[in-house]
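Asker: Encoded as structure tokens, here's the structure I'll be asking about.
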Amino acid sequence: MQVPVSIEWKDGQLTILDQQKLPHIIEFIDLTTIEEVFDAILSLKVRGAPAIGITAAYGLALAAESHDTDELDAFEAYVRKDADYLASSRPTAVNLAWALERLLSTLPCAASVADAKQQLFREAEAIRAEDEAACRQIGEHGLELLENKMRVMTICNAGSIATAKYGTALAPFHLGSERGKKFDVYACETRPVYQGARLTVWELQQSGVDVTLITDSMAAHTIGAKDIEAIIVGADRVAANGDTANKIGTLNLALLAHTFGIPFYVAAPVSTFDLSIDSGKDIPIEERKAEEITHFGDVPVAPAGTNVYNPAFDVTPSKYITAIITEKGVIEPDFHQNIAGLLTAAAGKGEQ
Ligand SMILES: CSC[C@@H](O)[C@@H](O)C(=O)COP(=O)(O)O
């Protein structure tokens, strides 16, 4: 049994697991240009907020390598342009802009272009390593909240392949499995592109976690019929007041948790918090192409020319969130005050 890893950096080569092809084809592909990195993010070959940030960071370092100038100012201008390009690939997950910004912040300290190039790679690797450690800690904190043998529902894939390793919402299940704990996970299929059916089911099977697939529309019935005891989801951006953007359908689950009186947990690393945004109403929501809904693969389902609205994310107001599980600890309401407190304390210790 193994916790899968989807991003590898070895000998100057960036390789990702092509998540579009999972679960039936397990194929690692090399990303060698900034355009390939952009396309991999846009087309969901790599997806999940932390994984997007890590891939973009390596992508920026790779692109920087190709800029042929000894002038630091000119080099910085090229790298900033590359960062803007990569940042435009997907709008909702703040980890993307956050990771690129971290790389850019190393540039003023560089003594030469060669030094700047090295620092960009070092920062990308630091982001990857920190994310793996953060996700492991999220798993530990999650295990304090989820009791052995619990029946838990999730949506999308906030798992190992959406991060450096272990995942956020799925981290407690991976760690629990390593320690002989048992959970009954109910995975919503996650229309329109099936991150739940294709990715979460596959990933949990890899590490020996019991997982049952349902369609998104079965969630309310299943919570009652199968006595679901908690819901845990990931996040693409958490605003200062705790409002959380995550995969479309997450808000439905939060409202159901409220109605059924079960806890609704969000699991996210500190890199997913955006304190520049007061509330969820300012989180940009990605809209994706109509074919994700009108077609099933290449086969048309809806009549040609059908009007489509295809938001990829929704925002759960913090009043429906029981707790946010981070690597620094579990945040409970009052979220506004407690998020600021936890992040300030972490920054004071020089941790992010
Ligand atoms: C640890 S990943 C957290 C979120 O990014 C995840 O839940 C999610 O919504 C991903 O959406 P996706 O469109 O597949 O990138």
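From the backbone N, Cα and C atoms, a Cβ is placed for every residue, glycine too.
Automatic, uncurated: that is what TrEMBL annotation is.
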Asker: According to TrEMBL, Arg47, Gly48, Ala49, Gln195, Asn246, Lys247 bind substrate; identify which of Arg90, Arg151, Arg288 is listed for that same site.
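Answerer: Within the candidate list, TrEMBL flags Arg90.
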Asker: Quick one: which of the binding-site residues (Arg90, Gln195, Lys247) have their CB closer than 6 Å to ligand 1?
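Answerer: Listed by sequence, the hits are Gln195, Lys247.
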Asker: What does DSSP say about Gln195 (substrate binding site): helix, strand or coil?
Answerer: helix
Asker: Please report the number of other Cβ atoms within 10 Å of the Cβ of Gly48 (substrate binding site).
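Answerer: So the number of other Cβ atoms within 10 Å of Gly48 (substrate binding site) is 29.
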Asker: Around the substrate site formed by Arg47, Gly48, Ala49, Arg90, Gln195, Asn246, Lys247, list the extra residues of the same chain whose Cβ is within 8 Å of the site's Cβ centroid.
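Answerer: For the substrate site the neighbour list reads Ile52, Thr92, Ala93, Cys156, Asn157, Ala158, Ala162, Gly234, Asp236, Ala312, Phe313.
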Asker: Restricting to the binding-site residues Ala49, Arg90, Gln195, which ones have a CA within 10 Å of the CA of Cys156 (site 'Transition state stabilizer')?
Answerer: Gln195
